[in-house]
Structure formats: C-alpha cells, structure tokens
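Let me begin by presenting the structure, written as structure tokens, before commenting on it.
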C-alpha cells in the first residue's frame, strides 16, 4: 500500500513538473517569430502526448492495485489520463492582423506616417463616412465593385481626342484584350518570394499580373514565367532608361498609372501629372505599335483610396494606393478568382524589398508613402483562403466582382 502511494505521488509530481515546463516554454516562445510559434505548437502536442503516455504507464500499476479497494476512482483516473493523451491543440497560424494600425509601426515609420499626414501633397479633402466604418466581407466586396471604376483613358477623352494624340492610344478597349478569365494570379515583387518555389503554381493560372520591372528570368522557380498584364507606375515609364529597349516591357498587356491631385478629372490631371510620362509613352508606341499599352484613368486610385479611408481605424496617408492594391482591384474586375502572392507576408517575411534586388527596408512591408498597412487590412478582411495558405505560401484568395451577388 505504501509502495502504491509513493508511485502515485511520484506520477503526480512528474505530471505537474512537465506541465509547468510546457507553460514556461510556451510563454518564452510566444515572443518569437511567426515560424517559431508554429513549431512550438507541434512541440507542445508532442510533449502532451509523451506526458499522457508516461502518466498512463506509471499509473497503470497503481490503478490496478488500488481498483480492488476503490474501482470507481481507478476508472476516473484512467479516463482523465486518456483525455489528456488525446488532447490536440487546434491549428493556428500567426498571420497579418486585419485590425492593424499605426500603433504596429516602428517609431521611424510612425514619424513618416505623421509627416505625410501633414504634407498632403495631393490636396486630399476627404468628406466621406468614417474612419472605422465596419463592413462584412461580402458588403465590402460589393462596395468596392460599385464605387471603384476600373477604366482606361480612351480616344474620346479630352485632350487625348486631339490631333496631338491621334494614333497613340489603343483603339480596342482593354476588355476586348483582357479577360474574362477564371483563375488569376497577382504576383507581388516582395523579397519573401525568393526560395518560395511557387513558380509552377503561379503559371498554372489563366492570367498573371506583375508589377513595374519585376523580372521572371533567373527567378522562374519562385515566380513563374507567365506575364499577362504588367502594371507600371509613371515614374518607371518616365525615368527607367531600359524601358524603351528592354524586352521585359514587350510581353503581355501594359498599363501605366499616374496619380493626380485628389479627384481631379482628366484635363486637370493632364496639365499637372505627377510624372510627365506622356512623351515616353508616345515614343514607346512608335517603337511598338502592336503592343497593347493602356493608361489608367486617374480617378480610379482615389476612388479606391476613399474606401480605404472609410474602413480604416484612423487617418491614412493622403497618398494614392500602391501599385499592388491597384493591380488586385484590376484583376478582381477581369477574373472570377484572384490569388495574390506575398502581398500578405508569409513565414518567409523579410525586410528585403524585392526578390530581384538586395534592398532592405521594413517600409516595403508596412508602408510609408502608400497606405500599405491599411491595404493589407482590406485584403485580409476579404480573403476567402485559409490562414495556413497565407502563412506557408503567402497566398490570399479573393473572388472576382463578376462572381458576387449584391
């Protein structure tokens, strides 16, 4: 009897000690990275499993010897230990928090954010609802579809209907060249795409959108080879020396965008572009007359910005949305489903800005000039994929506007 009681006490001590150790390890690891949190979960389960086996093994003799004196107590002890052994922590992945705010920025980026609020280069005077208006994911998709007009400058738009522009703009609407497609991929230029091995998956889509000067050569395994649309900012078209000659800019449909003063119409924007890319645009069209090359209407970025401000928890940078966010909305207009790669960071998250350059800055993930943090909040809210896809692949999945019913 004394021997049995000693065994019971020893088993209880071991149980308490191991549980205490698991809690300590969990608290310490909780401070670590996304990946450490995921590994800890697996280790916790293994420890609990071993703990259950150990407790069951050491108590089996105690239960059998004491069951003759108190059989009900023996069954109760055995049942509780089996329950412990079967317990599994639920799968969870630390991914982008859709309620992120400026409080999540490091001090340097907080200062930049405040500076842009005071600068207000584009003369933003938002008078809409918010900030902090709450939408369900379904309602927000409808709100975007109904209030953000994805359209290109046309030959009938002044001053593009003058003799100065005759023959330069594409005659066909982009809708006759692009889509409708089923599954589409939007491939960011993030440094975390390096070593992702996502190339084959990306190329498996019906259409692929890339940004600015992001290459595929030498990076095929990670980013694929297909380019259906390339969205470029006006700075690249104006200042990139290789733009007129590099074959990178001869593949797929090209779209250039340039920010205007807040909600300016086309004539006002034309008089005061952010970058005067018009001459280079014309030169390119002379060199490559058969290359589809469109100009995004300047109203669209600010229509999107208004919604970002409406739903965000605070004032956002009064600067236009990023090319990444514009590209996502463009593809939601043309596709039934849009898979977005490394816009929401995966476990490969890094301060390396681009997969094809060694340039380090946390602003490339969190945003500085563009309201990138709030754009990521929106995408996370709309995501129909899993947190596991975000964590492992950096993939968010959004439905196209044609597939939703409002």
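Placement of Cβ uses the backbone N, Cα and C atoms for every residue, glycine included.
Residues or ranges marked as transmembrane segment by Swiss-Prot: 10-26.
Annotated topological domain 'Lumenal' per Swiss-Prot: 27-406, in sequence order, evidence recorded as sequence analysis.
Residue 142 (disulfide bond) falls within a helical segment according to DSSP. Residues annotated as disulfide bond in Swiss-Prot, with experimental evidence given as evidence: 142-406 (among others).
Sequence-distant contacts (6 or more apart, same chain, Cβ under 8 Å) of residue 184 (disulfide bond) comprise 205, 206, 207, 208, 209, 228, 331, 334, 335, 337, 338, 339, 400. Taken from Swiss-Prot, the feature disulfide bond applies to 184-335 (among others).
Taken residue by residue with DSSP, residue 353 (disulfide bond) is part of neither helix nor strand, so it is coil. Annotated disulfide bond per Swiss-Prot: 353-364 (among others), in sequence order.
Per Swiss-Prot, the feature phosphotyrosine maps to 369. There are 14 other CB atoms within 10 A of the CB of residue 369 (phosphotyrosine), with all protein chains counted. DSSP classifies residue 369 (phosphotyrosine) as coil under the three-state reduction.
When secondary structure is read from DSSP and collapsed to three states, residue 364 (disulfide bond) falls in the helix class. Of the disulfide-bonded residues 364, 406, 364 has the largest number of other Cβ atoms within 10 Å of its own Cβ. Working note on the disulfide-bonded residues 142, 335, 353: by count of other C-beta atoms within 10 Å of each C-beta, 335 ranks first. Among the recorded positions 353, 364, 369, not one has a Cα within 10 Å of the Cα of residue 142 (disulfide bond).
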